[in-house]
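Chemist: Pasting the feature list from TrEMBL:
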- 24-43: transmembrane segment (TRANSMEM)
- 159-382: domain 'ABC transmembrane type-2' (DOMAIN)
- 190-215: transmembrane segment (TRANSMEM)
- 241-262: transmembrane segment (TRANSMEM)
- 274-295: transmembrane segment (TRANSMEM)
- 302-323: transmembrane segment (TRANSMEM)
- 361-380: transmembrane segment (TRANSMEM)
Amino acid sequence: MRALVRIFSFAAKEITDIKRQPRLVLTLIMGPFLILLAFGLGYNSTQPPIHALLVVPENSGLPGNQQEYTRHIPPPFVIDGLYRNTEEALAKLQAGQTEVVIIFPEDTMQSIRSGHRATVQVIYRELDPIASSWIPYFTRAAIDSMNRQLVTQAISSTRLLENTSLSPQVIVAPLDAKTRNIVPYQPSVVIYYLPSAIALLLQHLAITLASFSLVRERLIGAIELFRVAPVGRTEVITGKYLGYGIVTLIVGVVLIASMMYFLGLPLLGSVYELAILLAALTFSSLGIGFFISAISKSESQAVQFSMLTLLASIFFSGFFLPIESLNEYARWISYILPVTYAIDSLKEVLLLGIHIKEENLYALGAIFLITTLASSFILGRDFKRK
């Protein structure tokens, strides 16, 4: 009974310390909400336009009217001008006045009539590797559109249609495609990333709260008092887990409820499973935070370790890129981060309405157990030190 009293005393102490700092409470609750709200309201999921210049030589046999190409080259390309001289267009590309230069070869139509392909050069200046990988894809779509237009015009101007009732469009493209997605809910880009952002923010909050805890106790001399007081390391850690866990869970509930109300985040799964997942994420993250606090000798070290954990979570948790895109030897970093399992499970319970994978909960439990035992062992040495 006395052990429970001491545990709840430590929990109440941590909660009271947070309550005494109104700005901290406001930051804990409103900070993550405002960040997600700003992201949700400010993100534009449409593909940004790609500004392009055309180079159509005089002897290409192609029309010199810019509107003709604007009609047949699909978005995201935006045709800003048509030039007859290649050097002039490339100079504008080098100067950053356009993003892409599309160069048609000389004698384009003559090459096609003689049975040879005419190769269109697409030159671009893009540092971003992701954007750079998309430009060839959009280029292929634009060339396919122009090919269909050229073939349709060629068929329409010949006698190939005299003995058939088919239209030129059907002859050029006899097959069409219709896709259907069977997921129960098709989220927007913002809604799709909200569970990932919530998981990342809650993990970082829990780690930040816990990582300063034991360091602060050492700096103010509380560890020396604990050595002579009728309190054990288990009661200290358990009380801190309980106090910070309650605070983090409250923030998590407020955050998810706010996203549901303001941004339309759905909950297709079980509230019970969502509660279990939030608790598992919270306490496994607190475990990492207490381990950081146990091995840190100063607050600056705790800050550095917390930031390194945040950076690792951004790049290795599947937040932006799927874990499958990582090499096998790099995935072990993903597997020791609670947010990796929380992102997957939050999407399942919120967006898909299916049961959480048991192995994800087992992994979160293992992280909690291992980090708690390690923290308890290190703290035990501090308690015994003379």
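Placed from the backbone N, Cα and C atoms, the Cβ positions cover glycine too.
Keep in mind the model is a prediction, meaning the values are calculated, not measured.
Describe the structural surroundings of these features, if you would.
Modeler: A Cβ distance under 8 Å defines the sequence-distant neighbours of the transmembrane segment (190-215), meaning residues of its chain 6+ beyond its ends; these are 14, 28, 32, 35-36, 39-40, 43, 45, 223, 240, 244-245, 247-248, 251-252, 255-256, 259, 263-266, 278, 281-282, 285-290, 292-294, 296-299, 301-303, 305-306, 309-310, 313-314, 317-319, 337-339, 342-343, 346-347, 350-351, 375, 379.
For the transmembrane segment (274-295), the residues of the chain that approach it from at least six positions outside its boundaries are 199, 202-203, 205-215, 237, 240-241, 244-245, 248-249, 252-253, 256, 267, 302, 305-306, 309, 338-339, 341-342, 345-346, 349-350, 356, 361, 364-365, 367-372, 374-375, 378-379, judged by C-beta separation under 8 angstroms.
Here the transmembrane segment (302-323) has long-range neighbours at 196-197, 200, 203-204, 207-208, 211-212, 215, 288-289, 292-293, 295-296, 330-331, 333-334, 337, 339-340, 343-344, meaning same-chain residues at least 6 beyond its ends whose C-beta is under 8 angstroms from one of its own.
Residues 214, 233-234, 236-237, 241, 276-277, 280-281, 283-284, 286-288, 290-291, 293-295, 335-336, 338, 341-342, 345 of the same chain lie 6+ residues outside the transmembrane segment (361-380) yet bring a C-beta within less than 8 angstroms of a C-beta in it.
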